[in-house]
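To start, the structure itself, in structure tokens.
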Amino acid sequence: MSQFVDRVVLHLKAGDGGNGCNSVRREKFMPLGGPDGGNGGHGGDIVLEVDPQVHTLLDFRFSPHVRAERGNNGAGDDRHGARGKDLTLHVPPGTVVIDEDGEVLADLVSPGQKVIVAQGGFGGLGNASLASKTRKAPGFALLGEPGEQKDVTLELKSMADVGLVGFPSAGKSSLISVLSAAKPKIADYPFTTLAPNLGVVSVDHDTFTIADVPGLIPGASEGRGLGLDFLRHIERTAVLAHVVDAAALESERNPLDDIRALEHELDSYQSELSADAGLGDLRERPRVIILNKMDVPDAEDMADLQEEELKKFGWPIFRISTVARTGLNELRFALMDIVREHRKKVENTPEPQQVIRPQSVGPKRKGRFADFEVHEDKQNPGAFIVTGQKIDRWILQTDFENDEAIGFLADRLAKAGVEEALWQAGAVDGSEVTIGGITFEWDPQTVAGVDQTPAYGRGKDRRLEQTDRVTAEQRKRASQARRGLIDEYDYGDGEVAHTERWQG
């Protein structure tokens, strides 16, 4: 029998984006071919997908470190890098994804349902993509963005219709073994069941699933016994069944006290839940009472004495014996009726319309109103920290060994309004400024509030502005001179050139 694992911690690392290429076209008869560096490919995502053939999280316990493929680098001749392959992890239905802060990222219940838990980094732009009318031959490219790295917790909550709860040795495992084909471990000592058991019960060409969780004892909410950890497997159930040992020999125990103690523990568990499982409060779930071991002497007498008090709960009461196999059919049909009623309610309840609005990566407004914040570093007076998703990405994608790339970054920050915001925050020339984890000594390019455009933008190739190549006009005059149509004279510096028509 495979080991049942219902909670694991995964260490995820999505693929890094590939670097852009810094290349110039070199081809015969193509002078000044221009930049032709391709873009890097995006890194691969890490995706969780529900697979109904998977029933446990066991595989992840031995392989908790997960890494997706990085994107390939760009190349010359405008060749873009390939995107890294997405890594898909198959999880069982009922898997809940929780981040490091305890927030639920996704609740995966439907077969084929997918969620991206770690996003790959964007590929860097090649110098061909960075070229513009004012930056015709960039001598740099952008680096790939690192992929998302995080730790997530996967919790499995069984998708059972009926949940069996009760004290240890109440006969829960025996009941699931006689109602279904499941073969759980059964022994005559407490806490025989250390992991949930699932079984499928057939009734009139219909089926429902039943879950047996480890036994509860008073004080379980405080950590006694196995605690309340396994109760997550009954959060999604349509009905809770109290399995009570009607033949308990302990003088301080009886069916009525057992049920009250169990309800107290369930109430404590529900109070600790941050959100329900979509079926409402666990305390309001339908319940039935199952008095087990009615084949034992004095069990009938004990049940008769407690029946009037048990009826005050207002729940159906069933007397069964898993050994003699009595009362099982009545119980089976009653549970099936409750499950069917629940399924009708779920089918008739329209699902809320979910409107997905993608989160914008860039600023809501362009220019100096980019989405970033500037605040003073409390640990270093006089220093400042700039935070913003897009600003941080610019830092990560800058090659700080390339002066032209650094200048391009400075231009972008100035156009985004970072310099003006730093002035307003009180920064002066030489102040330490931290952006994206990298600290600079601030050297402002422009005076605050003044729009200054440099004569030559960074990344602009001056060779394209100044050339010694002969112009078409000069070639025409030289041709006329060779044919004797005109006579050309060259004078020294400072004198005006003069052309006299040749008289022959």
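Placed from the backbone N, Cα and C atoms, the Cβ positions cover glycine too.
Here's what Swiss-Prot has on this protein:
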type	residues	note
DOMAIN	2-159	domain 'Obg'
DOMAIN	160-340	domain 'OBG-type G'
BINDING	166-173, 191-195, 212-215, 292-295, 321-323	GTP binding site
BINDING	Ser173, Thr193	Mg(2+) binding site
DOMAIN	364-444	domain 'OCT'
COMPBIAS	458-476	compositional bias 'Basic and acidic residues'
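Cα-Cα distance from Gly166 (GTP binding site) to Ser173 (Mg(2+) binding site): 11 Å (rounded to the nearest whole number). In the structure shown, across all protein chains, Ser173 is the one of the binding-site residues Ser169, Ser173, Ser321 with the greatest number of other Cβ atoms within 10 Å. In the three-state DSSP assignment, the secondary structure recorded for Ser321 (GTP binding site) is strand. For Lys172 (GTP binding site), the number of other Cβ atoms no farther than 10 Å from its own Cβ, over all displayed protein chains, is 30. On the 0 to 100 pLDDT scale, the domain 'OCT' (364-444) averages 83 in the predicted structure. The distance from the Cα of Pro214 (GTP binding site) to the Cα of Ser173 (Mg(2+) binding site) comes to 9 Å.
Helix, strand and coil counts from DSSP across the domain 'OCT' (364-444) read 33 helix, 16 strand, 32 coil. Look at Lys172 (GTP binding site): DSSP puts it in a helix.
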